[in-house]
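Trainee: Starting off with a structure, shown below.
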Amino acid sequence: MPDQLIFAMEVFLNGLMAGVLYALVALGFVLIYKASGIFNYAQGVMALFAAMTLVGIMNGQVPFAHLINATFGTHIHKFGWNVPAFVAIILTMGVMVLLAWAVQRFVMRHLVGQEPIILFMATIGLAYFLEGVADLMWGSEIKTLDVGLPQGINLWIDETTFNIFGYGFFIDNLDLVATVIAALLVTALVAFSQYTKQGRAMRAVADDHQAALSVGISLNFIWIMVWSVAGFVALVAGIMWGTKSGVQFSLSLIALKALPVLMLGGFTSIPGAIVGGLIIGVGEKLFEFAIGPLVGGATENWFAYVLALIFLVFRPQGLFGEKIIERV
Amino acid sequence: MFYREAGDFKTSYTDDSQTFPIKFDRYRYYVVLAVAFGIIPFVINDYWANALLLPFLIYAIAAIGLNILVGYCGQVSLGTGGFMAVGAYACYKLMTSFPDVSMFIHVILAGGITAIVGVLFGLPSLRIKGFYLAVATLAAQFFLVWLFNRVPWFYNYSASGQINAPERDVFGIIITGPNAPAWATYLFCLIFLAVSALIARNLTRGTTGRTWMAIRDMDIAAEIIGVNPLKAKMSAFAVSSFFIGIAGALFFAVYLGAVEVGEVFGIQKSFLVLFMIIIGGLGSIFGSFAGAAFLVLLPVVLKVVGVDVLGWPTDIVAHLQLVIVGALIIMFLILEPHGLAQLWRVAKEKLRLWPFPH
């Protein structure tokens, strides 16, 4: 087999893995969009916030240490203990539920019935707010996150492919773990929304707020639940990305990368988010591999958006989205 | 007491359809213009020009441009930074290729080039709507920034990849480069802002503006009553990008002087201008001014209060600024979706009746 083809195959596989990570972020968007019709721009910052909180709790950092020190002239930074990863994850989840409650109580409740675009802009505001709070709470320096996930080259794949092609593929263990976790997460979410009482209630709310209210479903509860679930997805995505590339501001930019994923897959479809993520992941890696060197590289910055843009012109609802019907 | 229409009789159609029909408004407007053109240039110094006035003037032009697209035509765009970059680089290429031509012409041409690019990226708006379009404009943002970063022709093969504004003058007065006097740069931007605002105000009052607003309020209904969506949307994209391009050209040539595209015209800039029009008021020219002034002032005030008075480190103040801006955006959307402009309108209504409430 020619070398170029083998390289392309490796790039393809790595693209699939990157796509899974995009899909993880996109999932959070889809959940909130389906349940409340809100396009939550803050999803990426929620992932950043979750990852920073997790690191902060694990290292026993004092929240708002910088602010407290600057105001009172003290020099506190750490409590002096380390929390095991598992406990820290549960505590962080608690913080995310609190956040969900706060968002619902102070923002979304007051914006019920507004146009989608107003809600979208409100979530941009929320994203700025959260980012500022996260930086104030835990400091803005780059942190490493290690919750004990395996990392580094997968030797088994390296060896097997070396025996077959005479060239060992580089696949990161972390990406494999991410794929498994993403698969589990999607299965769990689908099962949750199809087979549990709360999941059905969630779908009912998504279908028609008023009808759901009239059969006795509490909108408040459902929305807090949805934002909590989205917070959970953000936490998972935050852990994956944080482990991969460190917890830093650029984490919130992956949210922007998730947007074209959503547009390809359709805003309302969980399988769409997965397929869209894979297409974008593979597409941008292969494009960078094939065309990138010709035009100066770093095409990953824009390829996803342009692909989504071109795609949307031909199919505005995305691959799996519900058909858009407009009435006057 | 002072602010009233009573006794202000209109005797001709021109009187009736002028930009500021109420006498008090009109005089206030003349006073503002007189102060801006006649007094400030004589008292201005470098600090005031660079910290407050130039950014305000330039952002106000960009905000007017974006407001036409988002506030009047309802097409949300997150590509402002990219379009400003087009204006900046077009201006740079023109300045270096034709050194003898007046800067006025360069800046206007840069606006024209941006308008063409804007229409190109606006074409998908005929098919896709709402925040789908917002995301599609992100393609413009990222693609354009990448293009200016990677294609050496745009930055004249300079080693640093930056663009630097060479010294150019208008009627013998230097207005770009480090030797430009503050009053000249200020006046240059002010002229553009005044003319832009005038054009925008009159466009939005007339037929064009009404078709834009019809598209914004409900595009299908507008189509049925005979508004041509192609013409309306494309003209909105063109006019909006024209102003944004001018703002980008001024931002680069007059205000900063040297630009690294990823830093200056990144996605943050798009959001900044979007926030200006949300806080200022969607669908209002005055709102664009108010929003630009507010968001230019806010960091300066925060810095003075936080760093100089309270003695906090600058990074904490920067983070606080994010929190405050985010909270303000949400507050405005909840309490006053029409922004500062609406507060102003309410205040005027109250003034009209004052001091007799009935």
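Any Cβ shown, glycine's included, is placed from N, Cα and C.
What TrEMBL records for this protein is below:
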- B:27-44: transmembrane segment (TRANSMEM)
- B:50-69: transmembrane segment (TRANSMEM)
- B:76-95: transmembrane segment (TRANSMEM)
- B:101-123: transmembrane segment (TRANSMEM)
- B:130-148: transmembrane segment (TRANSMEM)
- B:183-200: transmembrane segment (TRANSMEM)
- B:236-259: transmembrane segment (TRANSMEM)
- B:271-296: transmembrane segment (TRANSMEM)
- B:316-335: transmembrane segment (TRANSMEM)
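For the listed features, I'd like the structural context: burial, neighbours, distances.
Mentor: Sequence-distant contacts of the transmembrane segment (B:130-148) (same chain, six or more residues past either end, CB-CB distance under 8 Å): 75-83, 85-86, 89, 117, 121, 124, 154-155, 261-262, 265-267, 270.
Among residues of the same chain six or more beyond the transmembrane segment (B:183-200), those with a C-beta under 8 A of the stretch's C-beta atoms are 19, 33, 36-37, 40-42, 44, 49, 53-54, 57-58, 60-61, 64-65, 67-68, 103, 107, 170, 173-176, 239, 243, 246, 250, 254-255, 285, 289.
For the transmembrane segment (B:236-259), the list of distant contacts is 50, 54-55, 57-59, 61-62, 64-66, 68-69, 72-73, 75, 77, 80, 83-92, 95, 103, 106-108, 110-119, 121-122, 125, 162-165, 168, 175-178, 180, 185, 188-189, 192, 196, 200, 203, 212, 215, 265, 273: same-chain residues at least six beyond its ends, Cβ to Cβ under 8 Å.
Using a Cβ-Cβ cut-off under 8 Å and counting only residues 6 or more beyond its ends in the same chain, the transmembrane segment (B:316-335) has close neighbours at 275, 278-279, 295, 298-299, 302-303, 306-307.
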Trainee: Please work out which recorded stretch in B:27-44, B:50-69, B:76-95 has the most C-beta pairs separated by under 8 angstroms from the transmembrane segment (B:271-296)?
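Mentor: By the under-8 Å Cβ criterion, the transmembrane segment (B:271-296) pairs most with B:50-69.
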